[in-house]
Structures are given as structure tokens and as C-alpha cells.
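According to Swiss-Prot, the protein has these features:
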| type | residues | note |
| --- | --- | --- |
| SIGNAL | 1-19 | signal peptide |
| TOPO_DOM | 20-357 | topological domain 'Extracellular' |
| DISULFID | Cys43-Cys96 | disulfide bond |
| REGION | 67-87 | region 'Interaction with CUBN' |
| DISULFID | Cys137-Cys213 | disulfide bond |
| DOMAIN | 202-254 | domain 'VWFC' |
| DISULFID | Cys205-Cys211 | disulfide bond |
| DISULFID | Cys223-Cys249 | disulfide bond |
| DISULFID | Cys234-Cys250 | disulfide bond |
| DISULFID | Cys239-Cys253 | disulfide bond |
| TRANSMEM | 358-378 | transmembrane segment |
| TOPO_DOM | 379-453 | topological domain 'Cytoplasmic' |
Amino acid sequence: MGVLGRVLLWLQLCALTQAVSKLWVPNTDFDVAANWSQNRTPCAGGAVEFPADKMVSVLVQEGHAVSDMLLPLDGELVLASGAGFGVSDVGSHLDCGAGEPAVFRDSDRFSWHDPHLWRSGDEAPGLFFVDAERVPCRHDDVFFPPSASFRVGLGPGASPVRVRSISALGRTFTRDEDLAVFLASRAGRLRFHGPGALSVGPEDCADPSGCVCGNAEAQPWICAALLQPLGGRCPQAACHSALRPQGQCCDLCGAVVLLTHGPAFDLERYRARILDTFLGLPQYHGLQVAVSKVPRSSRLREADTEIQVVLVENGPETGGAGRLARALLADVAENGEALGVLEATMRESGAHVWGSSAAGLAGGVAAAVLLALLVLLVAPPLLRRAGRLRWRRHEAAAPAGAPLGFRNPVFDVTASEELPLPRRLSLVPKAAADSTSHSYFVNPLFAGAEAEA
């Protein structure tokens with residue numbers, strides 16, 4: 001039986017035991033453009049450089065001609081059938097930089113706790129998983145692609161990673177003893193690194209109502225890896241009173257239904273009921289649902305777990321999540337006994353805020369305009385009143401009979417000489433001792449000079 005046949009058989013066995021399979025997505029293959037610094041594979045005749053201090057296993061599936069190659073101190077190149085390297089002169093391809101080597105990207109950048117790097121075998125249209133459950137849970141079967149090279153960081157080690165089984169390099173590990181031997185080998189050290197611990201245990205989820213994921217302790221590292229491309233901060237939800245379900249890193253818009261279940265409840269059957277009976281209706285188009293068992297937040301009741309149903313709106317229509325949540329509550333009221341549901345409650349986010357940033361900007365501009373108009377209307381009377389008060393204070397501050405002169409540095413007029421009061425401009429001729437008539441006026445600043453003239 002080939003590798004693909006073994007994988008398909010294993011997935012069928014997982015379906016019979018209600019185990020969820022998680023597939024590792026990224027790889028460290030030579031022929032993948034995303035693994036190189038310039039987002040393209042090395043050009044023909046170009047130089048190739050691997051970081052000297054990084055351990056890495058690289059699968060090469062094609063033939064390549066290079067002019068120079070710098071290999072890591074501890075690593076391996078796995079050559080597929082027909083693959084190899086040949087020496088060539090420096091290439092002159094237009095897309096290649098002049099003499100710049102193609103550098104293999106850091107192989108330690110992939111983390112086990114990053115939800116972006118996993119794909120679930122239970123993916124279906126309209127179905128999603130909360131962030132903590134996108135990473136392998138303790139009852140999941142983990143598959144690393146048999147036809148690709150990979151390298152995984154196991155995290156800081158504060159929370160050991162435990163899953164049901166691990167399939168890698170054509171082997172399936174279900175016992176800690178076998179996995180420990182593999183991790184200590186050179187092949188294991190090239191593919192798994194970091195202080196974190198990895199263990200397996202054949203713990204089947206035999207409960208039809210489902211099992212808790214078990215990633216609560218690792219959720220801080222899961223959220224940190226998820227939000228790293230966003231600077232470590234959650235994007236603002238586009239609704240009022242946003243919700244944050246258990247296992248989710250950021251707030252979302254929609255609704256959450258919590259079910260108190262009995263022994264007859266079947267998680268897979270109920271998830272299929274939502275997908276087939278409700279999400280197929282036109283009024284619920286664009287909604288996505290996540291159904292899982294979570295620890296009960298309030299321990300006032302006997303049951304320590306409950307079923308969490310998360311409804312998220314991704315389309316332009318709003319209010320669909322709330323309508324579906326109320327429909328699920330009505331379905332429980334009518335068919336709860338047959339479904340094994342004892343009680344149901346719901347929470348719903350508030351109204352959507354479409355274009356909230358633009359609305360906030362427009363509101364700020366409008367407030368600034370109103371404030372400016374108010375200043376223009378109120379300021380002139382206040383300024384006029386303040387001017388009169390200042391003028392009166394200025395007049396009162398000058399005592400009667402005080403000298404009004406000042407020293408003028410240009411004309412050197414002493415301040416002790418009181419300047420005459422200015423006279424009204426007069427163009428009436430003034431008679432002189434002789435018969436000559438002159439038209440003039442007295443300039444108080446030059447009164448002394450004119451008198452001498």
C-alpha cells in the first residue's frame with residue numbers, strides 16, 4: 001500500500017473513532033518560492049546561501065544549476081528521484097540581482113502554536129474552529145506531509161504539547177517511548193526544535209457528546225502567534241458589544257449559543273444538523289458556525305462542560321447570526337429531548353458599525369466646524385467689552401498732571417520737557433509782522449525749532 005493509501009486509511013479510522021485530524025501545511029522544500037528571501041527559487045547560474053547557524057532539512061525535487069552554494073553547518077539536502085545540482089557560470093537572468101545570492105529563509109520561523117499553519121481534516125463549507133482548536137487538540141491525530149520536508153518549533157515549554165498520534169516520515173507514533181527515540185535522533189532534531197515537550201497518548205474521544213480540546217493553557221502562545229502579523233493587537237470588531245467565545249483570541253460579531261446537554265447528546269450529529277437544516281437556508285447565507293465542547297464558565301451546576309455554538313457573520317447582511325441563534329433556541333424548545341439538550345441560552349452582539357472610522361472622522365470635522373462658528377459669534381462682543389474695560393483702566397492709570405514726555409533717542413528730546421498738547425490741524429493763514437502771508441500748522445514735536453525760525 002502506498003503512502004497516499006495509508007493516509008486515507010488512517011483518516012477513515014479517525015472518522016470511526018471521532019478523532020480529528022490536523023495536517024501541517026508549511027514545508028522547507030527547495031523548490032518552494034516562499035522559502036527564499038526574494039520570494040523566488042534560485043535563478044539558473046545564481047548563488048545559493050543557507051544560514052550557517054540554522055539546522056534544516058531541505059527536500060530537493062528538481063535539478064538546479066548554481067554558481068556557488070553556502071551550506072549550513074548542520075543540515076541535510078534530501079534529493080528526490082531525478083533531482084540534483086550542477087555547476088554553472090553566473091547567470092544573466094533579468095529577474096536576478098547582479099551577484100546577489102538567493103538566501104534560504106529562517107527555517108525556525110514556523111511554530112506549532114500558530115493556527116495559520118494547520119489545516120483540519122473536518123473542514124466543510126460554513127464550518128470553522130475557534131482559534132485554540134485550530135491547533136491540534138489532545139485527542140487529535142497529527143499528520144506531517146510525507147512528500148515534503150518540514151521544521152517545527154515546539155514553543156517555550158511552559159505547556160507541554162500532547163496529541164493522540166503523530167505521523168511523520170512514513171511512521172506513526174502512538175507511544176511516548178517510540179516518539180522520544182525519534183525526537184532524540186538526528187532526523188528528529190532536524191525537524192522538531194525548541195524547549196517544548198511533545199508527547200502522544202492513545203486517548204480516544206469515546207464520548208459521543210465530544211471532548212474538551214485541552215489547549216486552554218497554551219492559548220496565550222496561540223494568540224501571540226496568531227496576532228504577530230498584526231503587531232500583537234486584535235483588530236477592532238465592526239459592531240457594538242462584540243463577543244469573545246471561549247477559545248477565541250479576539251472579539252467577533254455574531255451570536256453564541258450555550259447548550260446544557262444530557263447523555264443522549266451527539267456532537268457530530270448536532271453539528272451536521274446545523275449545517276444541513278439551517279445553514280442551507282437563504283436567510284442564513286454567509287454565516288459560519290463552530291460547535292465544540294468547552295469547560296463551563298460557571299460551576300454552579302452539576303455539569304462541568306457545555307456545548308458552545310459560535311455563529312459569525314462574514315457577509316454584508318447583518319442580523320443573521322441573531323436570527324439563527326433564536327431559531328436554534330426554538331429548535332431546542334421543540335426537539336430538545338430528542339437532541340439530548342436540556343437547556344439553551346444565547347448572547348448576541350450589538351448593531352454593526354459600518355465605516356466607523358469614516359463616521360468618526362466626519363463627526364470630528366462637524367464638531368470642529370460648530371465650535372468655530374460658536375467662537376465667531378461669541379468672541380466679537382466679548383472682545384469689544386474687554387477693549388472698553390482695558391481703555392478705561394488705561395485712562396485711570398494716568399494721574400492728572402503727570403509728565404507725558406519721553407526720551408526720544410532719535411531727536412534727543414528730554415523727557416522732563418512736557419510736550420505741548422497736539423493742536424487741531426488748521427489751514428487758516430496766520431498774520432506775521434511783515435506783509436507776507438504764510439499757510440502753516442504747528443507740529444508739536446518741532447515746536448521749539450519753528451519758534452526759533
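Quick reminder: no glycine exception, Cβ is built from N, Cα and C everywhere.
Recorded features from Swiss-Prot, shown on the structure.
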residue: Cys137; record: disulfide bond; Cβ within 10 Å: 22
residue: Cys205; record: disulfide bond; Cβ within 10 Å: 20
residue: Cys211; record: disulfide bond; Cβ within 10 Å: 20
residue: Cys213; record: disulfide bond; Cβ within 10 Å: 26
residue: Cys223; record: disulfide bond; Cβ within 10 Å: 19
residue: Cys234; record: disulfide bond; Cβ within 10 Å: 16
residue: Cys239; record: disulfide bond; Cβ within 10 Å: 21
residue: Cys249; record: disulfide bond; Cβ within 10 Å: 19
residue: Cys250; record: disulfide bond; Cβ within 10 Å: 16
residue: Cys253; record: disulfide bond; Cβ within 10 Å: 23
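For the domain 'VWFC' (202-254), the mean pLDDT of the prediction comes to 95. With a cut-off of 8 Å between Cβ atoms, the residues of this chain six or more beyond the region 'Interaction with CUBN' (67-87) that come close are 30, 45-61, 101, 149, 190. The DSSP breakdown of the region 'Interaction with CUBN' (67-87) into helical (H, G, I), extended (E, B) and coil residues amounts to 0 helix, 13 strand, 8 coil.
The two recorded residues, Cys253 (disulfide bond) and Cys213 (disulfide bond), show a Cα separation of 23 Å. Of all the Cβ atoms in the protein chains shown, 23 others lie within 10 Å of the Cβ of Cys43 (disulfide bond). Taken residue by residue with DSSP, Cys211 (disulfide bond) is part of neither helix nor strand, so it is coil. In this structure, the CA atom of Cys234 (disulfide bond) is 8 Å away from the CA atom of Cys249 (disulfide bond). In the three-state DSSP reading, Cys239 (disulfide bond) counts as strand. Look at Cys43 (disulfide bond): DSSP puts it in coil. Reported as a whole number, the C-alpha separation between Cys211 (disulfide bond) and Cys137 (disulfide bond) equals 10 Å. Under the three-state DSSP scheme, Cys234 (disulfide bond) falls in the coil class.
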